[in-house]
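What TrEMBL says about this one:
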type	residues	note
COMPBIAS	1-11	compositional bias 'Basic and acidic residues'
REGION	1-22	region 'Disordered'
REGION	38-88	region 'Disordered'
COMPBIAS	41-51	compositional bias 'Polar residues'
COMPBIAS	70-88	compositional bias 'Acidic residues'
DOMAIN	553-585	domain 'SWIM-type'
REGION	688-720	region 'Disordered'
COMPBIAS	690-717	compositional bias 'Polar residues'
Amino acid sequence: MESPHEIENASRIHAWGTKSQLRDSMKMATCSSAAWKKENQASTSGFNLEQTDGVGESDCVLETPQQVEQDGEAEVEEDDDDDEDDDDEYCFEENDYDVVVNENHVLHIPGVDPDEEVIPDNPPITSYAGKNDFFGRPPLFRAATTRYEAVCIYDTHCEWRMMAMSVGSTSMFVVRKIHDVHTCSRTQMHSSHRQANRRVLGHIILPQVRDNSRTLRGKDIVSDIKRNLKINISYWQAWRAKAHALCMVNGSPEESFTRLPGYFYNLELQNLGTITRIRIDSDRRFTMCFAAFGTSIRTFQRNLRPVVVIDGAHLKGRYLGTMFLAVGMDANNRCVPLSFGVGRSENNETWTWFLSMFKECVGDIEGLVFISDRAASIKYAISTVFPTSHHALCCRHLMMNVKARDKRVKYEKNMFWKTCRAYTAESFEQRMLCLRAAIPDGASVLDELGPDKWLNAHFPGMRYNILTSNHAESVNAMSRFARKLPIMGLFDYFRESQQEWYSERRKLAAIWNGVLAKIPEKIVKRRQIKSANWTVHEIGYDRFEVRDFKRNPTVDFENYKCDCMKWQLSGLPCSHAIVVANYLRLLDCNHLAKVYFKTSKLQATYVEVIQPVGPPETWVVPSDYRLMTVKPPLIKPKGPGRMSDHNRIPSVGEDCTTPRCTRCQEFGHNRNVCTAVIPSQVRRERASRMQPNESAHIQENLDTQQIEGDPNQNGYESSRHETYDLNVDLNFGFDF
């Protein structure tokens, strides 16, 4: 009777697959033990096993557990040479299968298409290998042009082996012989594993790598592999496995630049009104790119407040650069990203180009307000591209600057914010006096900037009480892990995020029944409670005086104005306007707010959807886009050792000391880079042995030559000076 584990001439096992598929299948089988299922359970592999008897054909097939329960036993399928049957035979699904064996105990494991060169995501024949004690016994491979053999590595006399032969002149191999029992007596398993390479480990950690919400560190991979697979790997093995998994998920950075034109074209094709631009240099290398979804552009023009928060963030991948961002706010004060950009650095040229593309999208909007930090390049770009707009500074950045400049006095944060939120000139002067008394240096910084750049009361535009750039900072913080991805993965991450945001917020806005959005309604209710005990005195012509026990302001109800200026500057009714509305027996005072805070605007903001692009195989790419080549930017090579920080911009409030050279006693450098011409010690000693008059005369001549800058220096120091210049050019001429 034939051995159930060895099929030779009468019963042959056909395992279809390339040589790399066979090798990786066996490697991944030996490396995995976490997925061991029950005894009769196995996964799909990168090759297909069939049995061919000498008399008749009897195959063993894999079926799902549901099919096994329904049928009770496996159906025997006849082999067919039809091409359509072959296509169905190599179908691959990512689920578990029960191994159904025939009376000859031969396994039939469906695999992938023989033309498919990519290894499946889940490890092949993992469960079957674990059941048959492959773990800890990695096979030794012997490969040739026409033959492929795997044997046990621990014992040369062990009978475990698998042999495959090539099919004609193709790259496909057929398993002709397999003996699936180890006859070696080794019982101890090694903690390390030679088959745990980057490709195998990369497939194992692929689900964790796909999650962009956290950083998968190297030591986490080491501990997970040791806990789940009982294999010890080094940190560099984990690092290479992660790099391979990232490449499988996102592609290589160089490939991402090449596919960027096709991605942008399909992004415009799937989302109406989307505008994308790519900027390259004369060598067709990438310099900048820009993308704005048509949904976001139309939403900003119709439903959002004319306030844009702009900011930049550093990229962290192989190709460093800066990400540019423009964000708007909906009726519920939530972030609505408007446009994205990527450039090499943050300077006047890049910000000007980014805002020029943004202007091409939204056009000229009356009363447009930009909020950003104190970057000089942003100020220059706004004044150049949007000369009629208003530019406000982020008060959060100003607070940190003021706090850093004054270290001796304890910083009063509430005092600064009360000054920034002042609605009238009188309240601003009172609070500014207190701020000058507490923090004189910080107050002088604010005076230099001018109150029209940061003060709510003196700002010439309408900023709707938005004092910080936190909306853009929140998007930057959300994308801190995505900024490590290749450039195409970064843009697709923002596309996916906005797609989810629009879907979730659309559902929340649909069930909200208030006149105002949720957050503006809370603000109005809080102001309504504050004015519960105030009294109103009518003046006439829709003008009222409100007794609030402080200032007793006047409310112009017809023109939507109040002397406290909160109504005008915030866009929401102030406490004085609310108490007047109650005095007039108005049932609802929410209609006194600006239209940008209404629920109708919130629902209209998310009425449209953002469509996905799909995998690259389904893209529609015109012929001119196929010929378009975008090369990655050049990377500056880093010099050896630690990077020099002599060009570092000092922090605010940092005391900078100027170095002094101990060789020439000059300021601004040290003796390691000193190029000054100094008389040698030999000449000094020779001059000291001479007569006093002669020594003084020689020293006077040397000093005169040094002052006048004589290039000859008696023919001695000239060559030394040239040597110093050469050393400076060689050692310190690189741009780090």
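Glycine is no exception: its Cβ is also placed from the backbone N, Cα and C atoms.
Counting residues 6+ beyond its ends, the domain 'SWIM-type' (553-585) has Cβ neighbours under 8 Å at 305, 423-424, 456-457, 462-465, 520, 523-524, 527-528, 530-531, 534, 536, 538-539, 541-546, 592-594, 596-597 in the same chain. In the domain 'SWIM-type' (553-585), the DSSP tally of helix, strand and coil residues is 14 helix, 5 strand, 14 coil. The average pLDDT computed over the domain 'SWIM-type' (553-585) stands at 91.
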